[in-house]
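Read through the structure below, which is laid out as structure tokens, and then see the notes.
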Amino acid sequence: MEILLSFITGFLYASGIYLMLRRSLVKMILGLILLGNGANMLIFLLGRMVKGEPPIIPDAAKTLAGIYADPVPQALILTAIVISFGLQAFAIILMERAYKFVQTDDLDQMNSTEEDI
Amino acid sequence: MLLAILSGFILAILLPLLKNILRGGLFILLSALPLSLFVYFLSWLPEVKAGGDLLFSYQWVPSANVNLSFQLDGLAMLFCLLITGIGSLVFIYTSSYLKGHPYLGRFYGYLSMFMASMLGLVLSDNLLLIFIFWELTSISSFFLIGFNNDSEASRKSALLALSITGIGGLFLLVGFVLLNQAGGHYSFTALLNSSPDLASHPMYGWILFFLFIGAFTKSAQFPFHFWLPGAMKAPTPVSTYLHSATMVKAGIYLLARFTPVLGETVWWNGTLTLVGGVTMLYAVIHALFRIDLKGILAYSTISALGLIVFLLGIGTPESLLAATVFILVHALYKATLFLVTGIIDHETGTRDVTRLAGLNKVMLPVGIAAFMAALSNAGIPPTFGFLGKDLIYDATLRSGSLFVLLTGAAVVTNICLLFTGFKAGISPFVGPLPQEFKQVHLPSPLMWIPPLLLASCGIVFGLFPFLIEGSLLVPAVSSLLSTAPDFHLQLWHGFNIILLLSTITIGSGIFLFYYLQSSESKLAWVSRFEPFSPKSVLVGMAKGFALFSAAWTNLWQNGKLRHYVFTIMAFLTVLLAVRFLQGIRLNLNLQSLSDLAFYDVAVLLIMATSILFAVFTKSRLQALASVGVMGFCICLIFLFYSAPDLAMTQFSIDTLTVILFVLVLQKLPGYIKEESKAIMWRDGILAFCFGTLICILALEVLQEPLHREISKYYAENAYTMAKGKNVVNVILVDFRGFDTMVEITVLAIAALGVSGLLRLSTRKPENK
């Protein structure tokens, strides 16, 4: 599974970057989302994959023992997901407003500073 | 001593307060400061003559070995008297010259700041202190040149002067640092005692290079001379004080000061002789063709500075004596001529020598001063200038194998200098008075007494050289030489070759003066060579550099986001690729593939398909839906592989994002018709390479052993210390609680941003 997931992660990165390099603002943001998910997958992957052993201490025990999924990458990814949501929400609204202002969603034309508008 | 140096700065600071009291004609009272300083330095004369070591040291930054240490020797004394003496006269002159000027207070502030910096420069014993004062003179010169700040030409000249002398100052600093490393001291006196080691030091050449650039920029030597004519945009008192008598001599002071430490090598003497010689000839020939009085004086000043550097370069005791005497000679007559020019400009409103004539009839005392200065400039006996020229010829004749060449250059320079002196000092005053100047009258005595006084000094010192010989000149020369100098100044040497040369000089100079008439057409003829002048070359280089940097900036900072992303990613890819080229250790355990459950494979396949779809579909809604599907697939992977919290978060966030996007999407236009295939391929290849590298990276890291100390700590302490069973949650809200709080803050800021954007009025700007 790790091997396949490595490929998927690379694929996520590649498609994210490809979309970010397109002219359309919508594609740029989709690319951003893909790239963010790719990063999450990479962290998750590097914390190693463990099936069916969530890092939750059983009722009877006081500590985790034996095989368990690594809690640290999970905490990191949880934070990352939430933050990237903040970023995406802001970017989406910004895109909408920017379009209303300059009447284009072509990134190549959105390259002037405010004086020129 | 410290107070004497700092008093100018103190005055400059106090002036804004004093300004209101001094309003009116009371500014002349400020001359009391340079005058009392002049008297103060005069009072030290006996001690300097006795040759005592006059060192004044005050602790400043002992940890960095920088102390306020000042040394008053003969050379410093000569300069101090020039600075304060001419300074007093300029202060008096200015009070009348700029009478009623709204910024007169400011002008005096700059002037006294300059005087203090200059005093500090010549008195400092510490190299870093010299550098600080050196820069201060450049800065005050900048303000004084740009004093008429409503004129663009004057602002440009000020900037040019500052950039040339400022760059020179930086070179000087480097030179000083190298000197410190080679000699081991920042103190000049300490360096003086270790000088034999310096000439053989491997860094000697570099030290000379940096020091020379510093000195040549300041003293307007070829090819850095061009800032000085521009600096004549300053009010005339400034030209007198800074740009002929004192500041431009700072470079010469530096060279003279370092002669005993670094001098007497081929490189030192050769460079100085060559640069000085070229400067004096180049500038004096330029001076011949000027028609603006100040232009003539500016170029003849450059030439005179070149002459002094040339003499320092010859480096024999005779030439050092000649240089020292000529510094004084030149300061006396050139300051006079500048002050006279100022009067002419002030009263007639023009400085054009082709129009000025016959002014003797309306301002005789000024004419007398100018006449005496011109005589001294020409080196006609019995003036001090005659003595100076004698010494110059004496020095060049005894300079060794090249004496014919050097003497020839000196004679040509002196002939032309004589011409410029007559042009500036005599021709405006003789002949018939033109109608337009009939109304001109003599200015206030405050203006004509200073030049008269200076000019008379030139005569008096010529007639009675013993007045200054023992007290001033001998100590000054002895600080340049290791052995005590033995000379005696006198007007009459008997009939010899020097007298012959002097006669030739005077004769051909006067002939030239009668023969060569200045005119516009000659000036225009000279200007044709302007594109080849160092100024044009340097300005052209600056323009070229500006063009290059503009093109460079436009290449990388072209305002296109895609371009930036591409550059960054391409660079990162290359970095990663270089790393991987050094060897990849991949041994894929393909056996593990057989453990795959069918739902794993199914999820991954759906995911891959949805990503492909998101990239290539033409419909925005489909792309968005595919991204949503991909998010849910990730959610499933989290679920399968023991991360229930992540699955829940991913699920809700993914849903929210898609909903938000859909709401906005309807207000946006459809996809742009894509650009060329080539660009798509280019981006595609880059994206593919980067994705591959990430994949390799992941596979390689997976082979490394994992250190789980941190996880173990959390796993053991989540319940025992924080009383929570879900370790991920405990980490977030307890162990790393502060991080989570900051994260919430970030979200709050994003929310504020979103709400701000939503409230933002989208009314279009007027001009659209």
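Yeah, the Cβs are placed from backbone N, Cα and C, and that goes for glycine too.
Automatic prediction, not curation, is the source of TrEMBL annotations.
Note that this is a predicted model, so its numbers are computed, not measured.
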Annotated transmembrane segment segment (source TrEMBL; candidates B:476-494, B:647-665): B:647-665
Dominant neighbour of the transmembrane segment (B:203-228) in B:129-147, B:296-314, B:496-516, B:685-702, by Cβ pairs under 8 Å: B:296-314
Same-chain residue ranges lying at least 6 outside the transmembrane segment (B:685-702) that approach it to Cβ under 8 Å: 566, 569-570, 572-573, 576-577, 580, 584-586, 588
Positions on the same chain near the transmembrane segment (B:296-314), where near means CB under 8 A and six or more residues out: 216, 219-222, 225, 228-229, 231-232, 239, 243-244, 248-249, 251-252, 255-256, 259, 268-284, 286-287, 290, 320, 322-323, 326-327, 330, 334, 337-338, 341, 353, 392, 395-396, 399, 406, 409-410, 413, 416-417, 420-421, 423-424
Contacting positions for the transmembrane segment (B:107-123) when only residues 6+ beyond its ends and CB under 8 Å are counted: 1, 4-9, 11-12, 15-16, 27, 30, 33-34, 37, 70-72, 75-76, 79-80, 83-84, 87, 90-91, 94, 98, 101, 129-130, 132-134, 136-137, 140-141, 143-144, 147, 235, 237-238, 241-242, 246-247, 250, 253
PLDDT averaged over the residues of the domain 'NADH-Ubiquinone oxidoreductase (complex I) chain 5 N-terminal' (B:60-108): 85
Stretch with greatest number of CB pairs under 8 Å, the transmembrane segment (B:320-341) reference, B:75-95, B:129-147, B:596-616, B:623-641, B:741-760 candidates: B:75-95
DSSP-assigned states of the domain 'MrpA C-terminal/MbhE' (B:682-759) in counts, ordered helix, strand, coil: 68 helix, 1 strand, 9 coil
For the transmembrane segment (B:623-641), distant same-chain residues with Cβ under 8 A (at least six beyond the ends): 599-600, 603-604, 606-607, 610-611, 613-615, 617, 647, 650-651, 653-655, 657-658, 661-662, 665
